[in-house]
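Asker: For 7-27, 33-50, 62-85, 91-108, 158-175, 210-226, 233-250, 270-289, 309-327, 405-426, 433-451, 457-475, the entry in TrEMBL reads transmembrane segment. Positions annotated as domain 'O-antigen ligase-related' by TrEMBL: 273-413. For 492-514, the entry in TrEMBL reads region 'Disordered'.
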């Protein structure tokens with residue numbers, strides 16, 4: 001049972017992170033409750049039979065403690081929140097996230113997780129994208145539900161186009177990362193590279209500006225911190241080119257670009273797009289994957305550290321863009337841009353979110369310490385006159401938490417996110433080749449969650465939590481604390497002259513990293 005526990009934890013965590021996508025993203029009660037029950041039953045199994053099942057570092061304890069505090073404060077806010085049902089929904093979701101994080105931490109404390117996490121996540125995320133694209137590529141075989149609000153944008157199986165944008169961005173980033181990882185086998189890298197035209201197309205067909213921004217943020221992380229910069233740059237360039245070509249072709253195929261209710265797909269358009277994806281996938285596998293090498297000749301030579309150069313360049317580019325907008329006649333308006341599957345959306349900075357965020361700030365100003373209660377944004381928004389829509393969320397995890405749960409809830413959330421980022425920094429120092437991919441996923445999610453309601457859709461959050469918990473499991477502090485415990489145990493055994501069990505110290509705990 002002891003040896004089986006990490007495997008069971010990994011399977012259940014993976015099934016939750018990927019499987020909920022096929023049940024409306026886990027947004028509704030039934031799927032979320034079933035997932036929560038299964039996750040917590042597995043936590044109980046791991047606690048009973050797992051070897052050292054609790055978090056193994058102070059940073060991991062901080063993450064779990066902060067998430068538990070956020071869940072507790074959410075429940076406490078039931079005393080003043082205007083909508084009890086929304087508090088219950090939020091608390092159930094946080095319970096799922098807490099149990100999931102415990103499972104992911106335990107599963108990723110096994111060193112073998114450093115090799116399987118990225119490929120398995122990529123396979124699951126690509127499967128989600130494939131289902132969403134199925135009715136556009138093979139309309140005679142597949143028909144999916146369509147909503148009026150999506151207006152033709154790629155929304156299935158999550159039922160939300162921006163959520164699908166997050167999933168597609170993760171899949172594209174993982175494909176590009178594995179393709180640029182010289183420590184992986186060549187066949188795996190080729191398959192990963194071949195997936196990027198498909199996942200890039202899925203991202204484009206969501207017409208999600210936040211999804212594209214999240215992918216860009218993750219790409220910056222890959223360029224800045226991947227150990228072999230030249231290989232990673234080559235893989236990213238090929239992935240960008242392939243996704244761009246696939247998107248340009250899709251733009252010319254009406255039933256691929258859009259799937260509005262009542263529209264009948266064109267098998268000819270789908271076949272042409274499918275053939276193009278296969279061709280682009282093969283070309284990307286050939287061009288984007290360089291021969292395996294980790295020598296100095298393959299590193300990008302820059303006058304300063306590559307990470308500093310990439311991050312500084314990104315900061316300058318963002319500053320220049322902001323200045324250009326400020327000096328131009330363009331002024332963002334608090335209304336939705338062109339509706340539906342229209343490329344013009346991608347060139348607009350108009351959005352209803354400006355109004356959502358202003359309301360959230362007003363709420364935080366009224367109740368700065370405790371907030372107005374979990375789920376209260378929906379009540380405040382719907383009480384407004386002349387509101388443009390029936391939004392239920394502030395479309396920003398950070399502002400919504402500050403508005404609904406005040407400084408107390410925001411501090412808990414910030415502590416949780418800070419712990420994940422600390423784990424990422426530690427893992428990047430010790431295992432850069434395997435840690436940079438999960439770090440890119442986590443950063444992409446942090447960017448996307450700033451402008452959307454990912455937190456309310458488990459399928460758009462759990463993969464990021466999986467990545468973040470993996471980074472915590474791989475950070476150096478874990479090994480240091482483990483070594484300290486072993487030294488203390490050894491001292492105690494020497495003092496009492498008691499024999500040590502041969503299983504007390506695992507060979508993996510003292511073996512050098514490879």
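Keep in mind that glycine also has a Cβ here, set from the backbone N, Cα and C atoms.
Since we're looking at a predicted model, the values are computed, not measured.
Map the listed features onto the structure and describe their local environment.
Answerer: Residues of the same chain lying 6 or more positions beyond the ends of the transmembrane segment (33-50) and with a Cβ under 8 Å from any Cβ of it are 1-2, 4-6, 8-9, 12-13, 16, 19-20, 26, 92, 95-96, 99-100, 102-103, 106, 458.
Within its own chain, the transmembrane segment (62-85) has Cβ neighbours under 8 Å at 55, 91, 94-95, 97-98, 101-102, 105, 370-376, 378-379, 404-405, 408-409, 412-413, 415-416, 418-420, 422-423, 468-469, 472, counting only residues six or more beyond its boundaries.
For the transmembrane segment (91-108), the list of distant contacts is 5-6, 9-10, 12-13, 16-17, 26, 29, 32-33, 35-36, 39-40, 42-43, 46, 50, 53, 55-56, 60, 63-64, 67-68, 70-71, 74-75, 117, 374, 455-456, 458, 461-462, 465-466, 469-470, 472-474: same-chain residues at least six beyond its ends, Cβ to Cβ under 8 Å.
Residues 21, 24-25, 27, 118, 121-122, 125-126, 128-129, 132, 145, 147, 150, 192-193, 195-196, 199-200, 202-203, 206-208, 210-212, 214-215, 218-219, 222, 239, 243, 437, 440-441, 444-445, 448, 452, 454, 457, 459-460, 463-464 of the same chain lie 6 or more positions beyond the ends of the transmembrane segment (158-175) yet place their CB under 8 Å from a CB of it.
Remote same-chain partners of the transmembrane segment (233-250), defined as residues 6 or more beyond its termini with a Cβ less than 8 Å from a stretch Cβ, comprise 172, 175-177, 179-180, 189, 193, 196-201, 203-205, 219, 222-223, 256-257, 272-273, 276-277, 280-281, 283-284, 287-290, 300.
Outside the transmembrane segment (457-475), and at least 6 residues removed from its termini, the chain residues within Cβ reach (under 8 Å) are 13-14, 16-18, 20-21, 25-27, 32, 35, 55-57, 59-60, 63, 93, 96-97, 100-101, 104-105, 107-109, 113-114, 117, 121, 125, 128, 158, 160, 163, 166-167, 170, 419-420, 422-427, 430-431, 434-435, 437-439, 441-442, 444-446, 448-449.
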Asker: Using a Cβ-Cβ cut-off of under 8 Å, list the residues of the same chain that are 6+ residues beyond the ends of the transmembrane segment (433-451) and lie near it.
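Answerer: Sequence-distant neighbours of the transmembrane segment (433-451): 114-115, 117-118, 121, 162, 165-166, 169-170, 173-174, 177-178, 181-183, 210-211, 213-215, 217-222, 225-227, 353, 395-398, 417, 420-421, 424, 427, 460-461, 463-464, 467-468, 470-471, 474.
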Asker: How do the residues of the domain 'O-antigen ligase-related' (273-413) split into helix, strand and coil according to DSSP?
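Answerer: Secondary-structure breakdown of the domain 'O-antigen ligase-related' (273-413): 84 helix, 0 strand, 57 coil.
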